[in-house]
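Below is one structure, written out as structure tokens; the observations come after it.
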Ligand SMILES: [Zn+2]
Ligand SMILES: [Zn+2]
């Protein structure tokens, strides 16, 4: 199929993107041309009638055959069309329906089995631009006899989305009820039965006759469901899975078997714009056309897995085996250069299901791009428990395919042990503690020492401050400094990963309207028994003063420590005479005048909460603008019972641009005037995740 559809026979459905003039998600249109920048000029239908013309980006559409477009047009709601489209195997089976195929349709009495009797054309075609919609006349199967009677009443008619199951054709065709003329039940709509509907013969074939074309010859099982417009995935020789839509099928020059021309979801170096060899088979954006033998293609598992309704899940005790089980071997974190192409889009990231957002957001933050946990979490695969293997396969799937279906997370939640993890709303710190302790078997990331006491372990750090101790708009650095100093806590060593919880309780209470993210966290002055610089002169500090912390004349919010000379001087000021600076335990043999090395940790993710729902911001590389926003339940396909969540990952370089401003500017910025994703980061932050750029120091707790 050529992209420049001169013959007017290329159709599409808008699958994603913002609503634009004339187009919205679920709109069906006909391709009328292509702009030089690769956008589609299309005619949008309302029912079978052309409604308006518009432009839509090719990558936001999915190509349809005329037959598919006609079937989808009779489905009145756009969301039902997309839902059906996402269920690729079912949609494929519906497109291939033959006379007397048994189907199960939605009915007011509940699901009803019936036989497809006729394919119906709906609408009068008054101009070439009009399109007949297609529906199915279905005869219900009676419980007493095989078929319900010979009554001459019109058979009920159903659209493609009414069909919830297709049962393979019966071996013996039964009596047909071909009729002509008007279909009474539909007001004023002209309905014609078309006799081109293939009839299933005694052996149940052929099932591939369409649009008057020759039936395709039989293919291997992997390719059985392939046709132009199918959404497929291909595993490349390097093990990476790529996704796309079949644009061409056939035998290329100098080949003997059938190949598929696939338009990929994103650019891949070495791919073409639709040419293979010197021959053009279709047209698409440069570097997005991939040609492979059809046997290498399989249906896009992201849609196949996700379209399983909860009914399917409930019917078995053990969830279905995830399709990616064999890829459970180690996959490295997604490099910065590949993160956008692999992760950005709808149906990306980790698919949410029943309050799983706390877990989806945490896993995405910790594992998508960060190397931190990989450095800590190095255990031989044979020493792992089943739950560790489940986590490893979730991580591998995320890193290889950019998408983890809800089923995998659901089974992982079951393995976490406590029932409440399966269904309840939880907070990330609860999950993190279980994850690190039970699944990863890592000893506490933080070793905290309160003065005079032995150290205690922890996985996350909860900020505890009084509101009055802080300015209106604190930074994470200020909150950490103040919290450590007022609770008299020090870190025993530089942690490999520091997860700082903001002073708020879920969605019920937050101490600050907004908090400035510190992209770097300097913990030099929070380390126990480590040399520190005098705040004033830079010499080795010997005293620390908690009361100087908020001093407006002395950079409020920063920790103050002094050499003995400066300590005396600073505290000779009348306003500071009530202070009680504490002597520091200075390690022996530290030269007094060499600069103290700084220990700086880097922000790599932020978990945010808004109306009980957790989302994540992730920094996917060293570039300051390399930020992603992830929501495991960004959208929903279908209703509460049978639908599923659509996870989405967005690039949000605006975070980097915003955070690049000087701290004083940041403190003055008004969240309500910032871009929406910046506003959410400022106002909804729940936990900031920092990593140590140097070699991590934590070790597994059970060394065998
Ligand atoms: Zn000094
Ligand atoms: Zn002081």
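Yeah, the Cβs are placed from backbone N, Cα and C, and that goes for glycine too.
Given the ranges 280-305, 306-331, 332-357, the record in TrEMBL names 306-331 as region 'Disordered'. With DSSP classes pooled into helix, strand and coil, the tally for the domain 'CAP-Gly' (250-293) is 0 helix, 17 strand, 27 coil.
Confidence annotation: the domain 'USP' (348-662) carries a mean pLDDT of 87 in the model.
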